[in-house]
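Encoded as structure tokens, the structure appears first; notes follow it.
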């Protein structure tokens, strides 16, 4: 989730928070915003470089609600409708400038359910009328923690009343979870967050992160200059289910990229230093960075 007001005003944000290349497709950019102007300006910057743009209306963190973004928008359906209209107008304007054969991105929103599902249905209807392309529904309310089971019945009801594609979100940690969610709700697709952070190969049917995915991520991250904090944090999540308690304690305090690579070589047999393709980058030399 990228803060749209910061993104449009800060060159540092634009160069550090969004980079892509021709091989990175499809890619969806998610923004947080609390007014039509900020979301439209941010959309105009990334529209030529992505397949879709999403407005986050579901982040439950206290700081986000205090900024009037994320879950704060679940009580402002009319404002969200205005932001959808502004974003779609900007996409249409940008689309007229794109090269022939380049499809303008979609615009979607990610929401949570209300205690009263009728409010969610009304919310969805207003978003549809404003021109949203699809909606992702997280099956918990604003106040419910992740320990509370996702309400698949509410997601099913939203899908039943919607005219745009509905994607379900929440408690997707395996391919079986995804299949079960579709079976119970009839949604058009599913979205995973924590599940994919723990296991990027989830949708390929792997129960835990395979070592070749750990190697691929490490090479790509280092190839693009990902800072150590982010690299280490992602690998901590990816390796969590394959490590003992003592192994986690050791891995979690590794101080540098060099120490991390040595650990992966020693404990997982991944050869970084002797491989000529390290660090790794895509074959295409084109890299898109957003500027004004």
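Here the Cβ of each residue, glycine as well, is placed from N, Cα and C on the backbone.
For reference, TrEMBL has these:
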- 1-246: domain 'DUS-like FMN-binding' (DOMAIN)
- 30, 138, 193, 194: FMN binding site (BINDING)
- 59: active site, proton donor (ACT_SITE)
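Most Cβ neighbours within 10 Å, among the recorded positions 59, 193: 59 holds that distinction in the structure as shown.
Here the C-alpha separation of residue 30 (FMN binding site) and residue 59 (active site, proton donor) works out to 12 Å. What surrounds the FMN site, by Cβ distance within 8 Å of the Cβ centroid and not counting 30, 138, 193, 194, is the set 58, 110, 169, 191, 192 from the same chain. Recorded residues the residue listed as 'active site, proton donor' and residue 194 (FMN binding site) have their alpha carbons 13 Å apart, per Cα-Cα distance. Annotation: 138 carries the greatest number of neighbouring Cβ atoms among the binding-site residues 138, 194 [cut-off 10 Å, Cβ to Cβ]. There are 16 other CB atoms within 10 A of the CB of residue 30 (FMN binding site), with all protein chains counted. Confidence in the domain 'DUS-like FMN-binding' (1-246), given as mean pLDDT, stands at 94.
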